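Below: one structure, written as C-alpha cells.
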Amino acid sequence: MGDTGLRKRREDEKSIQSQEPKTTSLQKELGLISGISIIVGTIIGSGIFVSPKSVLSNTEAVGPCLIIWAACGVLATLGALCFAELGTMITKSGGEYPYLMEAYGPIPAYLFSWASLIVIKPTSFAIICLSFSEYVCAPFYVGCKPPQIVVKCLAAAAILFISTVNSLSVRLGSYVQNIFTAAKLVIVAIIIISGLVLLAQGNTKNFDNSFEGAQLSVGAISLAFYNGLWAYDGWNQLNYITEELRNPYRNLPLAIIIGIPLVTACYILMNVSYFTVMTATELLQSQAVAVTFGDRVLYPASWIVPLFVAFSTIGAANGTCFTAGRLIYVAGREGHMLKVLSYISVRRLTPAPAIIFYGIIATIYIIPGDINSLVNYFSFAAWLFYGLTILGLIVMRFTRKELERPIKVPVVIPVLMTLISVFLVLAPIISKPTWEYLYCVLFILSGLLFYFLFVHYKFGWAQKISKPITMHLQMLMEVVPPEEDPE
C-alpha cells in the first residue's frame, strides 16, 4: 500500500515537471502577427489623430507636408532595417542596449539605459496614459476641461492596468496589443475610406496650388522632419523583445518590412483625408484634427472618434510597457541596475520586477503638472542614441567580422542614417538654442557618477544595502534569476 502511494506521488511529480518549462527564462511566444502588431500599435498613438499640424506648421503648405510624412516613413524603414541587421546579429532583448554594449563597451550602454529608464521611456508612457485619460474624460466634461485630479487618477489606473497585464502573461500582453491594434486600424480605415470617398466626389480644392507659400528654409524643414519622425517613433520596438520572438531571423525583418510601410501609408492617406475636409489654416487652428474631421464627416456617429483615439493611446501605452520592461530586464541582467530587476517570475515567466519598476517611475511622472516640455527636451536624446547605435553597426563591420549576419544591409544605409541622426540632434539646438538641451546632456552624463560608484567599483557598502533588498523582493514577488536555455 505504502509502495503504491509512493509510486503514485513520484508519477505525479514527473507529470508536474513535464508541464514546466525547461528553464526559468523568457519564452519565445511571439509570432509574426504579434510582431507587426507591436510595431504598428506602438507607432500609431494619439499623434496622427490629434496633432498632425506640427509638420504643417513648419512647412506651411499641403504639398511639402505630405512629402515630409512620406520621407519620414522611408527614414523610419531604413533605420529599422539597420536595427534588423543588429537584431539578427545580436539576438538579445533590450533594443539599443546590447548593441551599444557590443560596439563600444559598458559605459555608452549604461548611459543609454540610465537616460531611457529614468526619463525618456517612463515620461513617454506617462504622457500616453495622460492622453488616454483626457479623451476618456472629455465626454463627461463637455464645454470645460476635466479636473486634473480625475485625469491623473485615471492615467495612474491605466498604468496599473497595463503593468498588471504585462506582468501576468507575455501572451496576455500580446493579445491586448493585437486587440487594440485592430481597434485603431478600424478608425484609421474609417477616416481613410471617408476621405477617399470625398476625394472621389471632387473635394480637391485644398490640393490646388499645394506648394504655394511653402516654407523651405533649412531650419523649417529640419523641424518638420523632427516632428514627423517623432510620430514614427517606435520603429525599433521589436528589437527590445528579440529573445521572445519565434524564428527572429525571419520574423524580425518581415515584421519591419510589413509594419512600417503600413504605418507610412496610413499616415499619408489620413493626412490626405484631413485635407479633403479642412484647409491648411483650419487644420492648424483645430485642437484635435481627427475630432474635427469626425464632426464634419461622421456626424451623428462622430462620438466614435474620441473612443477609438482612447483605444489607440492605450494600445501604444501597452506596446511601450511591453518592450521597455525588457530593457530594464536586460540592464539588470548585465549588472547595470538592481539585480532583482533581471529576475523572472517563477509562475508567469515574465520580467515582472522590471515591468513593476517601470510602472512606478511612470506613475511618479504623472504627479507633476505639465511634463510635455520635459519630454520634448529629452526627445532629441533618442536620436542621439539611434545615431550612436547605427554608427556601432558600421564599427562592428570592422571590429566584429566573426559575427554571423543573416541580414546585411548595404553600408550606404547606416552611413546615411548616422548623418541624418547627427542632423536631427543638432538641428533643434542650432535653430532654437535653449539651456534645456545642455541640462539634458548634463543629466545623461551624470549617469557616469552612478556607473563608477555602483557598477564599476562596486563598493562594499553599496552591496550591503542592495543584497537584503534583492532577497526580500525576490521572496515577495516569487522571482528567480533567469537560467540559460540549453541548446
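The backbone N, Cα and C atoms fix where each Cβ goes, and this holds for glycine too.
According to Swiss-Prot, the feature topological domain 'Cytoplasmic' maps to 1-31 (among others), an assignment based on a curator's inference.
The region 'Disordered' annotation in Swiss-Prot covers 1-22.
Sequence annotations record features per position, and here Swiss-Prot assigns transmembrane segment to 32-55 (among others).
Sequence annotations record features per position, and here Swiss-Prot assigns L-arginine binding site to I43, I44, G45, S46, G47, D233 based on experimental evidence. Of all the Cβ atoms in the protein chains shown, 25 others lie within 10 Å of the Cβ of S46 (L-arginine binding site).
Using DSSP to sort the residues of the topological domain 'Extracellular' (56-62) gives these counts of helix, strand and coil: 5 helix, 0 strand, 2 coil. Per Swiss-Prot, the feature topological domain 'Extracellular' maps to 56-62 (among others); the stated evidence is a curator's inference.
The transmembrane segment annotation in Swiss-Prot covers 63-84 (among others) and is backed by experimental evidence. Counting only same-chain residues 6+ beyond the ends of the transmembrane segment (63-84), those with a CB under 8 A from a CB of the stretch are 43, 55-56, 210-211, 214-216, 221, 224-225, 228-229, 231-232, 235-236, 239, 252-253, 256-257, 260-261, 263-264, 267-268, 271-272, 280, 386, 389-390, 393, 407, 409, 413-414, 416-417, 420.
Using a Cβ-Cβ cut-off under 8 Å and counting only residues 6 or more beyond its ends in the same chain, the topological domain 'Cytoplasmic' (85-110) has close neighbours at 26, 236-244, 248-249, 252-253, 323, 326-327, 329-331, 334, 336, 385-386, 388-389, 391-393, 395-396, 399-400, 403-409, 447-448, 451, 455. According to Swiss-Prot, the feature topological domain 'Cytoplasmic' maps to 85-110 (among others).
Sequence annotations record features per position, and here Swiss-Prot assigns transmembrane segment to 111-137 (among others).
Taken from Swiss-Prot, the feature topological domain 'Extracellular' applies to 138-147 (among others). Shown for the topological domain 'Extracellular' (138-147): DSSP residue counts in helix, strand and coil, namely 3 helix, 0 strand, 7 coil.
For 148-169 (among others), the entry in Swiss-Prot reads transmembrane segment.
Tertiary proximity for the transmembrane segment (170-193) is limited to same-chain residues at least six positions away from its ends with a CB under 8 Å from its CB atoms, namely 26-27, 29-30, 33-34, 37-38, 40-41, 44, 49, 244, 266, 269-270, 273, 290, 293, 298, 304-305, 308-309, 311-312, 314-315, 318-319, 321-322, 349-350. Sequence annotations record features per position, and here Swiss-Prot assigns transmembrane segment to 170-193 (among others).
Within the model, the topological domain 'Extracellular' (194-217) carries an average pLDDT of 85. The topological domain 'Extracellular' feature in Swiss-Prot is assigned to 194-217 (among others); the stated evidence is a curator's inference.
The transmembrane segment feature in Swiss-Prot is assigned to 218-238 (among others). The list of residues near the transmembrane segment (218-238) in space but at least 6 beyond its ends in sequence, with Cβ under 8 angstroms from a Cβ of it, reads 35, 38-39, 42-43, 45, 47-48, 52, 54-55, 58-60, 64-65, 68-69, 71-73, 75-77, 79-80, 83, 87, 95-96, 245, 252, 255-256, 260, 263-264, 267, 316, 319-320, 323, 379-380, 382-383, 386, 423-424, 427-428, 430-431.
Across the range of the topological domain 'Cytoplasmic' (239-251), the DSSP-based residue counts are 10 helix, 1 strand, 2 coil. Feature annotation from Swiss-Prot assigns topological domain 'Cytoplasmic' to 239-251 (among others).
Within the chain, the transmembrane segment (252-274) has long-range Cβ neighbours (under 8 A, six or more residues past its boundaries) at 32, 35-36, 38-40, 43-44, 48, 52, 65-66, 69-70, 72-74, 76-77, 80-81, 83-84, 87-88, 185, 188, 191-192, 194-196, 198-199, 231-232, 235, 238-239, 242, 245, 283, 289-290, 293, 407. Swiss-Prot lists 252-274 (among others) with the feature transmembrane segment, giving experimental evidence as the kind of evidence.
As annotated by Swiss-Prot, topological domain 'Extracellular' applies to 275-302 (among others).
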Taking the Cβ of G45 (L-arginine binding site) as centre, how many other Cβ atoms lie within 10 Å?
27
Based on DSSP, tally up the residues of the topological domain 'Cytoplasmic' (326-351) by helix, strand and coil.
12 helix, 2 strand, 12 coil
Check for me, if you would, whether the transmembrane segment (352-370) reaches the transmembrane segment (435-450) - at least 3 Cβ pairs under 8 Å, residues 6 or more apart in sequence.
no
With pairs restricted to those 6 or more apart in sequence, evaluate whether the transmembrane segment (303-325) and the transmembrane segment (435-450) have 3+ C-beta pairs under 8 Å.
no
Where does I43 (L-arginine binding site) sit by DSSP, helix, strand or coil?
helix
Tertiary contacts of the topological domain 'Extracellular' (56-62), as residues 6+ beyond its ends and Cβ separation under 8 Å:
68, 206-207, 210-215, 220-221, 223-224, 227, 275, 280, 283-284
By Cβ distance under 8 Å, which residues at least 6 away from the ends of the transmembrane segment (148-169) in the same chain are close to it?
125-126, 129-130, 132-134, 136-137, 176, 314, 317-318, 321-322, 325, 345, 348, 350, 352, 355-356, 358-359, 362-363, 366-367, 369
Taking 8 Å from the centroid of the Cβ atoms of I43, I44, G45, S46, G47, D233 as the cut-off, which other residues in that chain fall inside it around the L-arginine site?
T42, I48, A231, Y232, G234, S312, A316
